[in-house]
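Annotated features in TrEMBL:
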type	residues	note
ACT_SITE	K127	active site, proton donor
BINDING	K91, Q112, K115, G166, S379	substrate binding site
BINDING	T211, N242	NAD(+) binding site
SITE	D167	site 'Important for catalysis'
Amino acid sequence: MLHERLSSVYDNVLRRNPGEIEFHQAVREVLESIGPVLGKDPEYAEHKIIERICEPERQIIFRVPWEDDQGEVHINRGFRVEFNSALGPYKGGLRFHPSVYLGIVKFLGFEQIFKNGLTGLPIGGGKGGSDFDPKGRSDREIMRFCQSFMTELYRHLGEYTDVPAGDIGVGGREIGYLFGQYKRITNRYESGVITGKGLTYGGAQVRTEATGYGCAFFVEEMLKARGTSFDGRRVVVSGAGNVAIYSIEKVQQLGGIVVACSDSSGYVVDEKGIDLDLLKQIKGVERRRLSAYAERRGTDATFVAGRSVWEVPCEVAMPSATENEITGKDAEAMVRGGCMAVGEGANMPTTPEGIRVFQEAGVSFGPGKAANAGGVATSALEMQQNASRDRWTFEFSERKLQEIMKDIHRRCLQTADEYGMPGDYVAGANIDGFKRVADAMLAMGLI
Ligand code: GLU
């Protein structure tokens, strides 16, 4: 239920952003959490902080023309939503996927404000991307697209202004092409203008692994809070991209058994535990479908085409594919199957009904804002190293990441307790993230 004042804020968001359903969903989830904050601190309402936070500071939409290998011209749409810079330069990834439109970029940018606030690091919130579909495109086509995209975007970026990174469809290869074009246009070796860079040119150790590792660390803390651990637990991770792969890696190191993962074609069940080297080879190197994993793995693994991986029973779930992949029905089946903890590696992978089912069943539910914040937190560490022209070791960086995830977990629980909602990580994350941003905005006057 929405607090009366928040309900009129929400109605306004619906009216002013028609059709942007993912953005509406992300806003509603935050508004549902912050009612108690308004009761405790009327200053936020008086200064219309919530209304201001729901309106991006700047939204950029641009044309991205490029030529494929056959010489045919294509036109895509590029986006960058610079949502909030109260805590630092706009920070957030770029997503290249055919589903991208303004509503997706705004939902992701909105989430990013609170997630970044929650890390405790000096980064604002933003997000961008394009409806470009990288699937099946050659390396040269990807490069030409990235160069054209950056030819427009560069004028809006800067290490003190706006610092993109990757997201779905944007990994190390794309970041390299984007950074190369930025450097060429501006004639500046401005390392801190983009994160997720390769280790040969200013990238940070552990950035590649950070979202997945961080999510596993967060879930480990949730399990500890329940008096248990990953040891011997049956885990399902959806997706087979960067977040999923490194979640699987860390879960395995922490003693969990990952029995299934998925991609857009279906899922694979491997009761002995996913063979991570094989998965990395099939998805990361060969860029093939998951059925190839099952074929090469032999009788141990089964590929199930076109179905949801959430029908596979598990004790711990780490949705790491995309938004709204766990419905209320999925969640009910998962609870029946013995699921006790969910850590969202993706952004908003659980529908509002799904969250309700988990919370009512007493499942520890770690929302993406908290559970997957390790990625952007390590981006902030990359910025820190770039600014001081320093390089940290893998071990040092991983320790930092783990400390940050522990701290986020502790603050979620503490804040939820403080506002009378013990164990509610959604409320804890939303309230803590909100207060950090809101307090900075209050201090800066009417901005
Ligand atoms: N796209 C990632 C996220 O959802 C990382 C953003 C970044 O590193 O800036 O948080």
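For all residues, glycine too, the Cβ spot is worked out from N, Cα and C.
Because TrEMBL annotations are produced automatically, they should be read as predictions rather than curated entries.
The separation of the residue listed as 'active site, proton donor' from K115 (substrate binding site), Cα to Cα, is 12 Å. Taking all protein chains in view, 28 other C-beta atoms sit within 10 angstroms of the C-beta of K115 (substrate binding site).
Counted over every protein chain shown, other Cβ atoms within 10 Å are most numerous around T211 among the binding-site residues Q112, T211, N242, S379. Sequence-distant contacts of G166 (substrate binding site), defined by Cβ-Cβ distance under 8 angstroms and a gap of at least six in the same chain, are G93, L94, G172, E174, I175, G196, N242. Comparing C-alpha positions, K91 (substrate binding site) sits nearest to K127 among the recorded positions K127, D167, T211. DSSP classifies T211 (NAD(+) binding site) as helix under the three-state reduction.
Take K91, Q112, K115, G166, S379, the residues named in the record as contacts for substrate: the widest Cα to Cα gap among them comes to 16 Å. For the recorded positions Q112, K127, S379, a Cα-Cα cutoff of 10 angstroms around D167 (site 'Important for catalysis') retains K127. When the Cα of the residue listed as 'active site, proton donor' is compared against those of the binding-site residues Q112, T211, S379, the shortest separation belongs to Q112. Within 8 A of the CB centroid of the substrate site residues K91, Q112, K115, G166, S379, the other residues of that chain are G92, G93, N116, I123, G125, K127, A165, T195, G375, V376.
Look at G166 (substrate binding site): DSSP puts it in coil.
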